[in-house]
Amino acid sequence: MHIVTAKEMYEIDRFAIEKGGIDGRILMENAGRAIVDQITNLVDNTERILVLVGSGNNGGDGFVIARNLLNKGYEVIVLQLVADEKIKGDAAYHKQLFINFKGKIQLVQEVTVVEQYLSNADVVIDAMLGIGISGEVRQPFKQVIEVVNKLEMLTISVDIPSGVPADEGVANFTAIKADYTFVVELPKLSLYLEYCSPFYGQWRLVEIGLPHTTFSQDNLIETWNQKNVVETLPKRNRYSHKGSHGKGLVIGGSHTMPGSVAMTAKAALRSGSGLITVGTVQEAIPSIASYCMEATYISFLSNEGIITGLPAIDFSSYDALAIGMGMGRSESTASITKKVIVDAKIPILIDADGLQHIKGDLPLIKQRQHPTVLTPHPGEMAMLTGYSVKEILTSPFKVSKQFAREHGVYLILKGVHTIISDPNGRQWVNTTGNAGLAKGGSGDVLSGILLSMMMQNQSLNDALTNGCFIHGASADILVSEQRSKQDLVATDVIDGLTSVFRTLI
Ligand SMILES: NC(=O)C1=CN([C@@H]2O[C@H](COP(=O)(O)OP(=O)(O)OC[C@H]3O[C@@H](n4cnc5c(N)ncnc54)[C@H](OP(=O)(O)O)[C@@H]3O)[C@@H](O)[C@H]2O)[C@@H](O)CC1
Ligand SMILES: Nc1ncnc2c1ncn2[C@@H]1O[C@H](COP(=O)(O)OP(=O)(O)O)[C@@H](O)[C@H]1O
Ligand SMILES: [K+]
């Protein structure tokens, strides 16, 4: 499903009205009614409802909601926070219908009066500002938002919590903290920004009859969900043999960090790889092998438990490789990573310490004739780009698209809403995962799953989006069935892959 910016939402709206011939007043009626259907599931008609409306079409939705709730026997008052002449077009039409239906509207701009109305209500419907907001929230909205947030009453936002920007790039704002938000037709970008999404509370999409398409081809962002995975994940052929499912190489680890490559290798095997070889220091092999007996091992030259040299490896005998996990950041490991980037004429995934190594070698990556996948978390992304973590979290879509295009890489910016970007600038947002994954080792497991997916017979975009989905889905199933977000650890996520694959295939 497309994730839209405000501009794209307006384009779709305009298309539906101008080319599709749908009257904007019908769209507004559809939006209001669809939201009322949701509200009636949450709110009993003995509860008193206050609808806060502003000057735009978001306020217009508010009038439709108020009228339809009134028809269903709810006690409803509309507080209009702007002067009468500010309400125009479709919103004015629906305001008049509400009046015709004997609806009560109070024109209020002093916050103390708003407070009095709030104290006599059980539920507040927030239809003040929608996706048309620009700049900082002005009065009286700012004060009203602060008052609503202070009160412990059920708050339901229409389309977007008032004050939250629809798009990325605005770090500081005053906004309603909604319990529920009913988002009109398509998800807005800010739903997937970790500093905005908490304001939405629980959210759901409501359909109002718009086409699900976007017109600006330079900003294609989609969610990746279970339906997409089921459609694209290759089934295992009855006549396959181990060579059909990829031979992968995992390079990394050190004497003090053997666990990371162990988990990457095990996760790769548990997600379908035919054969996995681990290249690491001799000292680490016994402990890794006892956890991952299915893998084979190459002992790398080492000094004090750190890899110092690359043995002669025929990279062409592998289908893909992952490098960097637990490898350390010495000069020797950095030069090994550099050599692998140049010599290995196969798809490569670079994670963790490997990302630190390549900062100065991005031009070498651009020259590669085979795909390169980078999997930074925001801290590593900051190191690679020179932006601060805050700047990255404020504009994660823009920053990652720019980086993927500029350096010709597949970029997986990990986080609550992991963003996958391809070198052409297409982007997907993963929809699985939970805070149980916020533990050391989760990223190593992801690298293993991705390595395996990269070797299965699917496009690289599908491989990476499916891999991210499967990783998060494992954590979700575990947390819902046997573990908690507290005790979940990375190796559980590997064990949980069984449930994911049994569900998906
Ligand atoms: N297909 C669709 O998309 C459909 C969309 N629909 C709905 O329409 C909504 C979008 O409507 P919209 O475009 O009228 O914008 P919206 O946010 O209601 O108001 C903007 C007004 O607010 C004001 N204002 C702006 N910034 C401000 C600030 N910082 N601080 C204070 N005030 C500020 C400014 O007014 P001004 O005071 O400047 O004259 C401006 O005119 C959308 O979210 C959805 O709910 C549905 O009806 C069905 C179809
Ligand atoms: N709160 C969260 N919600 C969803 N996914 C999360 C959350 N925290 C972490 N993750 C996921 O867990 C993984 C953590 O990776 P990373 O930071 O590299 O961990 P490590 O380096 O310790 O292995 C990423 O895939 C990330 O998307
Ligand atoms: K709103």
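Even glycines carry a Cβ here, placed using N, Cα and C.
According to TrEMBL, the (6S)-NADPHX binding site annotation covers 57-61, 130-136, Asp159, Gly326, His377, Asp444. Counted within 10 Å of its Cβ, the other Cβ atoms near Gly59 ((6S)-NADPHX binding site) come to 27, all protein chains included.
Applying an 8 A CB threshold to same-chain residues 6+ apart, the list for Ser162 (K(+) binding site) reads Leu52, Gly54, Asn58, Asp126, Ala127, Met128, Leu129, Gly130, Ile133, Val137, Phe141, Ile145, Ala175, Ile176. Mapped onto three states, the DSSP output places Ser162 (K(+) binding site) in coil. According to TrEMBL, the feature K(+) binding site maps to Asn58, Asp126, Ser162.
Feature annotation from TrEMBL assigns AMP binding site to Lys414, Gly415, Val416, His417, Thr418, Gly443. Annotation note: Val416 (AMP binding site) sits in a coil segment as assigned by DSSP. With a 10 A radius on its CB, Val416 (AMP binding site) counts 17 other CB atoms from all the protein chains.
The domain 'YjeF N-terminal' annotation in TrEMBL covers 9-216.
The annotation domain 'YjeF C-terminal' is assigned in TrEMBL to 225-504. Confidence in the domain 'YjeF C-terminal' (225-504), given as mean pLDDT, stands at 95.
Only Asp126 of the binding-site residues listed as Asp126, Gly135, Lys414, His417 bring a Cβ under 6 Å of any atom of ligand 3; the order follows the sequence. Contact annotation for binding-site residues (Asp126, Ser162, His377, Gly415, Val416, Gly443) versus ligand 1: none, no CB falling under 6 Å from a ligand atom. Selection of the binding-site residues Asn57, His377, Lys414, Val416, Thr418 by a Cβ distance under 6 Å from ligand 2 yields, in sequence order, His377, Lys414, Val416, Thr418. Each residue contributes its Cα atom, and for Thr418 (AMP binding site) and His377 ((6S)-NADPHX binding site) those atoms are 9 Å apart. For the AMP site, whose binding residues are given in the record as Lys414, Gly415, Val416, His417, Thr418, Gly443, the maximum C-alpha distance rounds to 14 Å. Sequence-ordered, the extra residues of this chain that approach the K(+) site, with Cβ no more than 8 Å from the Cβ center of Asn58, Asp126, Ser162, are Leu52, Gly54, Gly59, Gly62, Ala127, Met128, Leu129, Gly130, Ser157, Val158, Asp159, Ile160, Pro161, Gly163, Ile176. Same-chain residues that are not part of Lys414, Gly415, Val416, His417, Thr418, Gly443 yet have a Cβ within 8 Å of the Cβ center of the AMP site turn out to be His377, Leu413, Ile419, Asn430, Gly433.
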